[in-house]
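Features as listed in Swiss-Prot:
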type	residues	note
BINDING	40, 65, 92, 118	S-adenosyl-L-methionine binding site
ACT_SITE	118	active site
BINDING	122, 154	substrate binding site
């Protein structure tokens, strides 16, 4: 399958992306609705989840991505592999995130990962970054107690901002005393993670437990 060419960054504040995510019928998506759920926000081409769904078939995976051509491509690959524990959905998680979150199978959201999000370096573009306080509040409401939030970026200032926003909410407890978590908690690295290491550059990670 030919690789889809898309813009690396899209403005999540533009009118095109200012609509709530339309949840599918999850009963038509997942073969076993009783399995715990891992939500990956900003999944890009979905390669991380396509591998994770095969490595951990006892978990359901959901990838959210704002670039629709990548979602179409990822779902085509999911179908080709016959994965019934994985779905990719197009949308902006910072527009009424509760609509999607409340539609998910109840008491199943155990993992949330946000990995290498678009940094939007300029301060005037800070509202375009994915980890906004409203998203943190919504995740706190719908995640299962004892669940996990995993964050990583190759931009230290962005990793710090994400970490501080989760740390500011009483439902999320940071799990390490060191400034950054050394190892990825998942058995599969993202494409950006591999690229960063190949360049000899650091990755900044944080891990939170849900109260």
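Heads up, the Cβ atoms here are built off N, Cα and C, so glycines get one too.
Sequence features, as recorded in Swiss-Prot, placed on the structure.
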residue	record	Cβ contacts under 8 Å, 6 or more apart
40	S-adenosyl-L-methionine binding site	48, 49, 61, 62, 63, 64, 112, 113, 114, 115
65	S-adenosyl-L-methionine binding site	42, 43, 44, 46, 71, 74, 88, 89, 90
154	substrate binding site	116, 192, 196, 201, 202, 203, 204
Residues 40, 65, 92, 118 [recorded S-adenosyl-L-methionine binders]: greatest CA to CA distance in Å: 14
Cβ neighbour count within 10 Å of residue 118 (S-adenosyl-L-methionine binding site): 19
Cβ neighbour count within 10 Å of residue 92 (S-adenosyl-L-methionine binding site): 21
